[in-house]
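Peer 1: Just dropping this structure here.
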Amino acid sequence: MSRVYNFCSGPAALPEAVLAKAQAELLDWHGKGVSVMEMSHRSDEFVSILVSAKARLARLMNIPDDYEIVFTQGGASASFAQIPANLTSGFDSACYLDTGAWSTKALKEASKYTNVIVSGSSKDVNYTTVPDFSSLVLDETAAYLHLTPNETIGGLEFDALPETDLPIVADLSSTILSRQVDVSKYGMIYAGAQKNVGPAGVVINIIRKDLLARSDNDSLPTVWSYENLAKNDSMINTPPTFAIYLADLVFEWLEGQGGVSAIEQINIEKAALLYGTIDNSTFYSNPIDVRYRSRMNVPFILADESLEKTFLAESEAAGLKTLAGHRSVGGMRASIYNAMPKAGVEALVDFMLAFEKRYG
Ligand code: PMP
């Protein structure tokens with residue numbers, strides 16, 4: 001068996017120790033003679049996994065008591081609809097900040113449910129920066145303000161929040177657990193699992209309890225109501241049990257690494273190494289305003305675009321996998337989530353320098 005360094009944006013690399021533990025427990029979980037995949041979701045065994053996953057996540061993110069952790073399905077894309085469906089009843093509008101491909105998708109989906117106010121957009125500069133917060137159009141009677149603090153495709157990240165009394169709803173799909181966040185500043189945080197949490201199939205939602213009362217259970221699909229989900233411990237119906245189990249193993253691994261503050265330091269170092277290599281060359285470049293460069297997703301292009309295919313073929317042959325940019329933008333993108341060891345980024349940087357020597 002040989003494992004490569006996998007720079008896929010998602011589903012992304014998982015910590016090897018987690019995969020090994022899941023493998024060891026696959027046929028016989030904790031002496032029960034069955035796999036987690038084969039257990040009733042109502043069994044004591046699975047309930048203990050769910051309770052553990054929630055407790056570990058609450059510890060890792062310092063989630064205050066007035067928040068519920070809810071697991072949903074359908075990916076973060078389903079949440080683009082589920083959020084306005086739950087949170088806008090009784091309101092006329094919702095505010096959205098437009099900073100790239102994923103926030104655009106979120107606001108388009110929301111416009112099926114409510115009047116979307118685009119509070120600010122950096123579309124005119126090809127989403128290379130974040131709109132100045134002092135210029136945002138915020139309707140304080142709106143249901144919430146939605147943000148995408150890490151744009152996975154564009155490689156743009158920001159952690160400051162606008163001044164507002166609106167509940168802030170944030171899509172942390174590609175940055176959750178990579179850096180410290182003050183959960184108390186958010187009305188709701190949500191994240192698809194398949195980058196920093198586990199396999200695809202489960203979405204993590206952290207919802208301030210007062211917002212649950214907004215779910216209109218008479219009109220919402222039963223399994224979509226955040227209030228119902230919270231009341232039923234994310235088990236109105238069968239949850240994605242194996243994905244939740246793996247998320248629990250990833251949380252356990254992250255605790256063993258020293259938690260979010262420790263992994264954040266490593267993430268800062270990994271990103272500095274890669275951006276430093278890009279900035280020190282005229283061969284590679286990254287278009288994002290340096291203040292808002294993503295630590296998780298690092299897009300870059302070659303000065304000579306005709307070398308792209310060669311770069312991708314040779315990097316793949318060198319054991320550096322999935323470095324192609326998103327199909328909508330091309331170029332290259334290295335996704336360096338928590339599970340990417342620093343050695344992986346060092347190997348990429350060595351490859352980039354050698355490639356530049358050969359072709360530059
Ligand atoms: N939001 C962000 C920031 C993402 O990166 C992605 C997926 N790459 C999504 C939403 C959509 O996630 P899913 O495919 O799970 O619906």
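Using N, Cα and C of the backbone, Cβ positions are placed for all residues, glycine too.
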Peer 1: Of Q23, Q194, Q265, which does TrEMBL put in the pyridoxal 5'-phosphate site with A76, S77, W102, T152, D171, N237, T238?
Peer 2: Q194
Peer 1: Do me a favour and check the Cα-Cα span between K195 (N6-(pyridoxal phosphate)lysine) and S9 (L-glutamate binding site); whole Å is fine.
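Peer 2: About 7 Å separate the Cα atoms of these two residues.
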Peer 1: Determine the Cβ neighbour count for T152 (pyridoxal 5'-phosphate binding site): the number of other Cβ atoms within 10 Å of its Cβ.
Peer 2: 27
Peer 1: Return the residues near R42 (L-glutamate binding site), defined as same-chain residues 6+ apart in sequence whose C-beta is under 8 angstroms from its C-beta, sorted by sequence, else 'none'.
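Peer 2: The list for R42 (L-glutamate binding site) reads M235, given in order along the sequence.
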Peer 1: In angstrom units, rounded to an integer, how far apart are the Cα atoms of S9 (L-glutamate binding site) and W102 (pyridoxal 5'-phosphate binding site)?
Peer 2: 13
Peer 1: By the DSSP assignment reduced to helix, strand and coil, which category contains W102 (pyridoxal 5'-phosphate binding site)?
Peer 2: helix
Peer 1: Looking only at Q194, N237, T238, which of these binding-site residues has the biggest number of Cβ atoms within 10 Å around its Cβ?
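Peer 2: Per the Cβ count within 10 Å, the most buried is Q194.
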